[in-house]
Amino acid sequence: MLGKRKRVVLTIKDKLDIIKKLEEGISFKKLSVVYGIGESTVRDIKKNKERIINYANSSDPISGVSKRKSMKSSTYEELDRVMIEWFNQQKTDGIPVSGTICAKQAKFFFDALGMEGDFNASSGWLTRFKQRHGIPKAAGKGTKLKGDETAASEFCGNFQEFVERENLQPEQIYGADQTGLFWKCLPSRTLALDSEQSTSEYRSSRERIIIMCCANATGLHKLNLCVVGKAKKPRAFKGTDLSNLPVTYFSQKGAWIEQSVFRQWFEKYFVPQVQKHLKSKGLLEKAVLLLDFPPAHPNEELLSSDDGRIIVKYLPPNVTSLIQPMSQGVLATVKRYYRAGLLQKYMDEGIDPKMFWKNLTVLDAIYEVSRAWNMIKSSTITKAWKKLFPGNEENSVMNIDEGAILAANLATVLQNTEDCEHVDIENINQWFDSRSNDSSCQVLTDSEGAEDQAKPVEQKPSSKTKKAELNPEKLISHKAALEWTENLLDYLEQQDDMLLSDKLVLRRLRTIIRRKQKIQNNKSHS
């Protein structure tokens, strides 16, 4: 009789190794002998392959998978996903992170996401959070987390050799990166709070989308933004054909782009658009896409075109802030342009912050962030690649004072705008650069929006009334003009042959009508 087999507990790294060997064709029986486990355990690992890979991608690439053995999830999974994304962003940007800061940020996210339950960001929670993701103890001491310059330098050399070996031109080399965007916000000082009104009634909005920018090293081919939201079809999309949006839209519940979504984007959008672009340039349809590590994407082997000519390469750990092109000012500039455009829209409409917040939809945000991405100059993108291609930016010039000038101009205009007299350049700059929007960005709470929605809805004019208003002898009201404009915008969104410029013109017209309506309302009340 055989003796009882000793119980073996595999680490996450062991499980990843087994998954890789299974893909290489090694049998279940052989792997069970090598690792001292039963064949059923090997089959379970294969069954849970996607879950294991997802967990590994969200953990520290060194200690997170080599020491961790279980994949016990958090009680608040969504909060956990947002927190590890935030932590990784701080780490790549070299921002000091301490236990106190982590706890404060977790509490903020818990409130901002509108989660329910009795959450306590205690030392016990922090310990479990670090254990789940393999975060070393030193990472919580407040020490500045610098990028790995040695790994970055080594990768740059290897990547340049790869480019020369494959005979790739800058036109054939792409980079992509993602970031979270709290799209419904205004600088805190634009809110004219009544003296008896507590500022606690104002907090950052839970409205958040993910945007992913992708462009080649010349900056001449920028793919449409990839935008990921939680709703499959938000209420604001009613009557809108998703294929007519100026962005590529996906939906998911996670805090960052998941593997299935990224793979769909890569196969259905990235590969065809790159092939089309390279063909138009008379170049071989061959390209490489540079992505972050640890990636929330499938393995390199799973991401390639059918002919294997378009592939991906991952950056090593802890080098994003040093050499990831989109993190060299591109994503930050997109956010600045978006927030500047949002503020300009607020000033153009001339309505109070409450009404502006109520009217702003995710569809408005999508058009605004698409416009912001379109404003990014090719020279800005080329400059971002300078560490990977030192000689590629010779003819590019980027105005490093562009953001400061933009902030100064907006602050000057706002100081002469009702309800915004207290805004200054510092406030604008903080708002431009804010990530979590915890202090420099405020909007109305959802409860206030609900109060507005609870008010009786004005009855829409009958068809006879509308026909009468269309009579040239009668004066068309701002309200009627606004309703027709909204209907026309809905119509354009349903058409698949309308130009983006046409839609933007109508959106600008809608802003003008809203401003005129506000002026008329002010006169009638004076």
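Glycine too: its Cβ is placed from the backbone N, Cα and C atoms.
Just so you know, TrEMBL annotations never went through curation; they're auto-generated.
Taken straight from TrEMBL:
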- 28-48: DNA-binding region (DNA_BIND)
- 1-52: domain 'HTH psq-type' (DOMAIN)
- 67-139: domain 'HTH CENPB-type' (DOMAIN)
- 440-469: region 'Disordered' (REGION)
Just to confirm my parser: what is the rounded mean pLDDT across the domain 'HTH psq-type' (1-52)?
81
Helix, strand and coil residues within the DNA-binding region (28-48) as assigned by DSSP:
17 helix, 0 strand, 4 coil
Using DSSP, how many residues of the domain 'HTH psq-type' (1-52) fall into helix, strand and coil, respectively?
33 helix, 0 strand, 19 coil
